[in-house]
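Encoded as structure tokens, the structure appears first; notes follow it.
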Amino acid sequence: MPRSSDAVLSQVLTVAQMRAAEEDLIAAGTSVDALMQAAGRGAGEWVRRIAGGGSVTVLCGPGNNGGDGWVIAEYLREHGNSVQVVQAREPATEAARNAKALYGGAVVSADSVTTRDVFVDCLFGSGLTRALPDDLYDMLCGLAGRHRHRIAIDVPSGIDSDSGVALNADLPHWTLTVALGAWKHAHFAMPACAAMGATRLVDIGVTAVPGAARVLHRPRIPAPAADAHKYRRGMLGLVAGEMPGAGLLSATAALRAGAGYLKMAAKLAPAGVPPELVVTTDVDAMLADARVSALLVGPGLGRSDEAARLLARTLHAGRPTVIDADALVLLRPAMLTGAPCVLTPHEGETAALERAFGLSGQGLRRERAGALAEATRAVVVLKGPDTVIAGPGGEMVVSPRASSWLSVAGTGDVLAGTIASRLATNGQALRAAEEGLWLHGEAARLCGPAFTAGELAHAVQAALKECLE
Ligand SMILES: NC(=O)C1=CN([C@@H]2O[C@H](COP(=O)(O)OP(=O)(O)OC[C@H]3O[C@@H](n4cnc5c(N)ncnc54)[C@H](O)[C@@H]3O)[C@@H](O)[C@H]2O)[C@@H](O)CC1
Ligand SMILES: Nc1ncnc2c1ncn2[C@@H]1O[C@H](COP(=O)(O)OP(=O)(O)O)[C@@H](O)[C@H]1O
Ligand SMILES: [K+]
């Protein structure tokens, strides 16, 4: 099977898109059985890596996910593992029946399974449409509890593939989840993604699906050109408000994310300003400075009428702007000029924006981010444990789960400063959002546990080092 391009392997598909992609492969001459063999053998190899020479139990359901299970079981048997299959239901598809017919090992009842090394869940995959009935739920949880390692194939049983919603309560936690053919939204959406363990993708030759979402990847960031000077590298103007300390956190990160010059406009210069940060009290002069290539407004802005006026003046400058924190609560449709903007709301700020822009606030997080991007014509970074980025042209980027240690005060200011620094450097809102979000997540990984927002801001530099071309 030829190896697909990185772009194809980073797409994230809905069930409908996956089925359409599968139909395309079939129309091009590949059989369903061949796809199942490719998927099952690829997944079987991952199971073998976890199992070593150990014993494996595969739980097979009625659909093609169950079919994959029969292929995996035969693959492991051929490689000398002790394998047994628990057949939860008779195969109901032709491909699954064919896969079962090729299996030459043991089939046992769930009750007979004692403690073994690896459990493989092929009960249901992307075709799950409703909660597991009691007998299958008990079988799944009982078997999962009797194995040292648990591997879910494609999507863990009980999880809705498109939303990541758990259709049953108290589902097992997995050591590894092996996605087949393409990533599904559940692999990046809460609560499902938190229980999946490590995630791996098996390539079965699926081609590019137009309009598909994609996974956030490490960006490639060039070093400044040989003849670079500070202004051409990007000058970021930071509009501070009533509490300029929050802006300092943004500035600390922005200084380490690539911009060549950082200026902060504040009524009162805050204490502890690093010497590299130029502070001015003349906000209008800063906003009028043609060398300023991007602005950041929001961290520590406050929510007073004066803050709202300052926000309106800032946006009136018509520069590429990152709008964060209090500015998201004060933002009104008439303030936007069409300049490239990045909005970085958490849940609460998203709800405020939805009210201000007349949106229903209904739907999945990615759908809400998409609606907000369309309404504002801005790039929206909807923050949380499962952060998504939506672009005004329908672009959708989902982020692998970042460190939960990010749930500490001030990390949002760091994210805003990082994105703003990238925006000042490259002028492209979507690209800046992706680069900034990746740098933020990587900085958190590098920091280890229990870091402060200030430490995170400093670690942005080490994250940037990993992106240099
Ligand atoms: N789409 C593709 O390109 C490929 C798909 N493959 C596998 O096929 C899977 C999808 O196969 P299917 O569409 O057959 O879906 P599933 O294997 O997830 O099962 C769907 C079947 O279960 C029934 N069902 C759904 N929810 C149920 C519930 N709660 N209780 C009882 N029955 C329920 C459905 O009516 C349907 O008959 C993927 O997850 C993947 O594992 C792979 O074999 C290779 C290629
Ligand atoms: N449990 C979590 N797992 C991963 N990332 C998280 C988690 N909780 C918060 N974050 C991230 O931390 C940052 C918090 O931002 P925000 O809510 O604006 O906080 P603050 O206003 O204190 O700066 C966001 O980037 C968010 O995605
Ligand atoms: K499964």
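Along the chain as shown, the residues are counted starting at 1.
Cβ from N, Cα, C; glycine included.
No curator has checked TrEMBL annotations; they are predicted automatically.
Per TrEMBL, the features are:
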- 64-68, 125-131, ASP154, ALA246, GLY300, HIS346, ASP413: (6S)-NADPHX binding site (BINDING)
- ASN65, ASP121, SER157: K(+) binding site (BINDING)
- LYS383, GLY384, PRO385, ASP386, THR387, GLY412: AMP binding site (BINDING)
- 18-212: domain 'YjeF N-terminal' (DOMAIN)
- 213-467: domain 'YjeF C-terminal' (DOMAIN)
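Comparing GLY384 (AMP binding site) with SER126 ((6S)-NADPHX binding site), their Cα atoms are 25 Å apart once rounded.
In space, ASP121 is the closest of the binding-site residues ASP121, LYS383, PRO385, ASP386 to THR129 ((6S)-NADPHX binding site), judged by Cα positions.
For ligand 3, the nearby binding-site residues are ASN65, ASP121, SER157; that is, of ASN65, GLY67, ASP121, SER126, SER157, ASP386, these have a C-beta under 6 Å from one of its atoms. Between the C-alpha atoms of ASP154 ((6S)-NADPHX binding site) and ASP121 (K(+) binding site), the distance comes to 9 Å. Residues from the binding-site residues list (GLY67, ASP121, HIS346, LYS383, GLY384) with a C-beta closer than 6 Å to any atom of ligand 2: HIS346, LYS383, GLY384.
The CA atom of ASN64 ((6S)-NADPHX binding site) is located 31 Å away from the CA atom of THR387 (AMP binding site).
For the domain 'YjeF N-terminal' (18-212), the model's pLDDT averages out at 97. For ligand 1, the binding-site residues lying close by, meaning a CB under 6 A from one of its atoms, are SER126; the full candidate list was SER126, HIS346, PRO385, THR387. Proximity note: of the listed binding-site residues (ASN65, ASP121, SER157, ASP386, GLY412), GLY412 have a CA within 10 Å of the CA of HIS346 ((6S)-NADPHX binding site), given in sequence order.
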